[in-house]
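Copied over from Swiss-Prot, here are the features:
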- 62, 64, 210, 298: Zn(2+) binding site (BINDING)
- 91, 143, 183, 213, 298: substrate binding site (BINDING)
């Protein structure tokens, strides 16, 4: 199918500039031309871009999609208690079907707010892959690995990851990637982490892991290993493969140098870090070192939504107050975290993250005819400080229109709402879905 987005304002993310009255031609899944109208080119679908802004689809570089089932269940609790007293007991009762429906709900929410690519770590990842294939977005999936006492169980978890990779990596028209997902250095011991690293190297893929999210985690690492989590992971060799390091809140200057040296991509999750009182990641320091900082929501149970425009807004505002510097994390930098840097972190920078000829057509259209977006003085600032997720009008992934005029075309949204409500209540009551 050939598609034309006609007469649109375009922020390609290649430069800090919005172009007016641009035409974007898509052939199949690929952007073929950006610029003037081509009168001799036939297209199947024309999308009118008047009063809209086109930009790359947003990239949520760290989340736990199936946790939408636990949204608004346990709040105002520190991270360790939140996990051990509330979340992990519920997760022990999850079924594959629960995760399928919960993930599908999260994908619906992401589409509605302009996210076209995610990086997810959870359980029953085959179901997440099926939901991704069905709804039409792009995703990096990792089976969350937590070490247990039983060596056989630990071995099975590695085998599960290998099977997931063999079954789904590169599938769904290339929209799915598989990484290896050790939960954290405090839930996986050194020997097990080395086995996980060996698996990632053998598969030729990256690692997605939580790192230095809380002070407690860092203190326990220093007590147990005499090293920070970052230094511990470096010494184990984890950073020898491409690493998506979620959170990176409590870092020393030496840790930041390690992240730079090893080309690790930290993922900043401002709302989750605020809600769980985890602290403030040293984003400005990392950016000044040239580190590739991506942006994420974390899970919908610890945020409690998946609205990446909200994360962009927080990324561009929190750091100004934290550093007492109005120039800290300017609007375009915050937008880069959610597009260009996210693509680089997920090893997809050649395909997505910008709108340019030859890249995949992952494009969102923002409706600019909203009261909070008038007057149109500076659209880049508007995207960081004024746009709401609900302003997203159209979503295109891999050249296919999966939402138009805020109608999702690929799944029965009401059916998903019904299934999630039923399953969430059953889980909380301790019943089997």
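Note that the numbers count up from 1, one per residue, in the order the chain is shown.
Each residue, glycine too, has its Cβ placed from N, Cα and C.
These figures come from a predicted structure and were not determined experimentally.
Across the fold, the C-alpha of residue 62 (Zn(2+) binding site) and the C-alpha of residue 183 (substrate binding site) stand 12 Å from each other.
Residue 183 (substrate binding site) carries neither a helix nor a strand DSSP state and counts as coil. Candidate binding-site residues: 64, 210, 298. Nearest to residue 143 (substrate binding site) by Cα distance: 64. In the shown protein chains, 28 other C-beta atoms lie within 10 A of the C-beta of residue 62 (Zn(2+) binding site). Taking a C-beta cut-off of under 8 angstroms and a sequence separation of 6 or more, residue 64 (Zn(2+) binding site) has the following same-chain neighbours: 120, 121, 122, 144, 298, 299, 300, 301. Here residue 210 (Zn(2+) binding site) is positioned 6 angstrom away from residue 183 (substrate binding site), judged by their C-alpha atoms.
In this structure, the binding-site residues 143, 183, 210 were compared by how many other Cβ atoms lie within 10 Å of their Cβ, and the smallest count belongs to 183. Cβ proximity to the Zn(2+) site centre (mean Cβ of 62, 64, 210, 298, cutoff 8 Å) flags the following additional same-chain residues: 63, 121, 246, 247, 267, 269, 272, 296, 299, 302.
When Cβ neighbours within 10 Å are tallied across all protein chains shown, the highest count among the binding-site residues 91, 213, 298 belongs to 298.
Residue 91 (substrate binding site) sits 18 Å from residue 210 (Zn(2+) binding site), taking the Cα positions as reference. Residue annotation for substrate gives 91, 143, 183, 213, 298. The furthest Cα pair among them is separated by 21 Å.
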